[in-house]
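Taken from TrEMBL as is:
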{"type": "DOMAIN", "residues": "23-286", "note": "domain 'NADH:quinone oxidoreductase/Mrp antiporter transmembrane'"}
{"type": "TRANSMEM", "residues": "57-80", "note": "transmembrane segment"}
{"type": "TRANSMEM", "residues": "92-115", "note": "transmembrane segment"}
{"type": "TRANSMEM", "residues": "151-170", "note": "transmembrane segment"}
{"type": "TRANSMEM", "residues": "177-195", "note": "transmembrane segment"}
{"type": "TRANSMEM", "residues": "201-221", "note": "transmembrane segment"}
{"type": "TRANSMEM", "residues": "233-253", "note": "transmembrane segment"}
{"type": "TRANSMEM", "residues": "273-293", "note": "transmembrane segment"}
{"type": "DOMAIN", "residues": "289-342", "note": "domain 'NADH dehydrogenase subunit 2 C-terminal'"}
Amino acid sequence: MNPYILAILLFGLRLGTTITFASSHWLLAWMGLEMNTLAIMPLMAQHHHPRAIEATTKYFLTQAAAAATLLFASVTNAWLTGQWEIQQITHPLPSTMITLALALKIGLAPLHAWLPEVLQGLDLTTGLILSTWQKLAPFALILQIQPSNSTLLIILGLTSALIGGWGGLNQTQLRKILAYSSIAHLGWMILVLQFSPSLTLLTLLTYFIMTFSTFLVFKLNKATNINTLATSWTKAPTLTALAPLILLSLGGLPPLTGFMPKWLILQELTKQGLAPTATLAALSALLSLYFYLRLSYAMSLTISPNNLTGTTPWRFSSTQLTYPLATSTAMTICLLPLTPAISALLNP
């Protein structure tokens with residue numbers, strides 16, 4: 001892609017997100033979300049592969065449906081209450097509709113079906129943008145409206161955590177596994193949203209760091225399925241040794257960074273008298289942990305080609321910068337000791 005066009009598209013992405021962040025009016029927020037969608041679509045379709053075009057079309061249709069629902073709900077709210085302010089959503093009908101529209105935008109279950117399919121059709125760099133940056137603007141709106149329907153949030157959160165774990169069990173494609181991982185993490189964030197928005201933000205931030213590391217590891221190895229991962233030890237042995245720690249951090253095992261948000265969320269849910277919900281969420285984390293362990297096993301605990309029927313794929317050495325990966329990997333593995341400081345900041 002022409003670097004000038006790429007720069008304009010990335011600027012459009014940043015501008016759309018910033019407009020949504022800064023807006024207090026529903027029309028402005030909607031405009032920011034639309035700019036976001038339109039800016040990422042050429043990035044998604046840039047390889048002119050039928051799979052990429054299909055993914056772009058699916059993404060466009062789901063995002064257009066979500067944006068139309070959002071616009072309809074905000075107009076309904078203005079009609080019922082006379083308010084266009086984002087924080088003045090008082091009527092339960094537009095509030096529920098907006099929550100569901102934003103859930104469709106970020107891919108919360110049961111409105112998640114588009115996410116694995118779309119992510120599977122993209123290259124890893126665009127997939128990383130879709131899994132991280134594209135969640136920011138809808139999350140900013142969800143945090144601002146503070147949905148009044150707490151039952152809806154708990155249902156969305158639990159369903160996402162369970163489906164995110166269940167859906168990834170039988171996958172061999174890494175991008176689909178990461179899509180289900182994304183759905184499960186979003187479920188955890190939505191569960192605790194009404195009780196501690198700052199904890200939701202912390203979970204979102206740690207999810208971004210861990211996903212960034214995981215995508216960069218796969219990109220460095222040019223891996224898109226589990227079999228390709230098994231040959232990574234010949235290319236980058238040190239990284240292959242660290243990769244299970246990154247994946248298990250994503251699964252939420254102590255003493256890695258990913259354990260911190262899950263620990264604090266379970267603690268908060270128990271404090272709010274939702275012990276059954278916390279138990280179900282913790283059990284759903286076990287499902288996710290299985291497929292992270294599966295990836296770790298394929299990557300580090302088998303010696304290729306003993307586990308492969310085919311020949312080792314020919315790959316050139318990667319020219320990817322390793323500084324971002326080194327930084328994010330260190331953060332993915334080592335931030336758990338900061339938990340007391342972060343707890344103090346969350347509950348001043």
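Cβ atoms here come from the backbone N, Cα and C positions, even for glycine.
Because TrEMBL annotations are produced automatically, they should be read as predictions rather than curated entries.
As the structure is a computational prediction, the values presented were derived from the model and not from experiment.
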Top Cβ-contact partner of the transmembrane segment (273-293) among 57-80, 92-115, 151-170, 201-221, 233-253 (pairs under 8 Å): 151-170
Distal contacts, the transmembrane segment (233-253) - CB-CB under 8 A, six or more residues away: 181, 210-211, 213-214, 217, 220-221, 259, 261-262, 285, 288-289, 292-293, 295-296, 299-300, 303-304, 312, 315, 317-318, 325, 329, 332-333
Stretch in 57-80, 92-115, 151-170, 201-221 most in contact with the transmembrane segment (177-195), if contact is a CB pair under 8 A: 151-170
Beyond the flanks of the transmembrane segment (151-170) by 6 or more, those residues with Cβ under 8 Å of it: 96, 99-100, 103, 108-110, 112, 116, 176-177, 180-194, 274, 277, 280-281, 284-288, 290-291
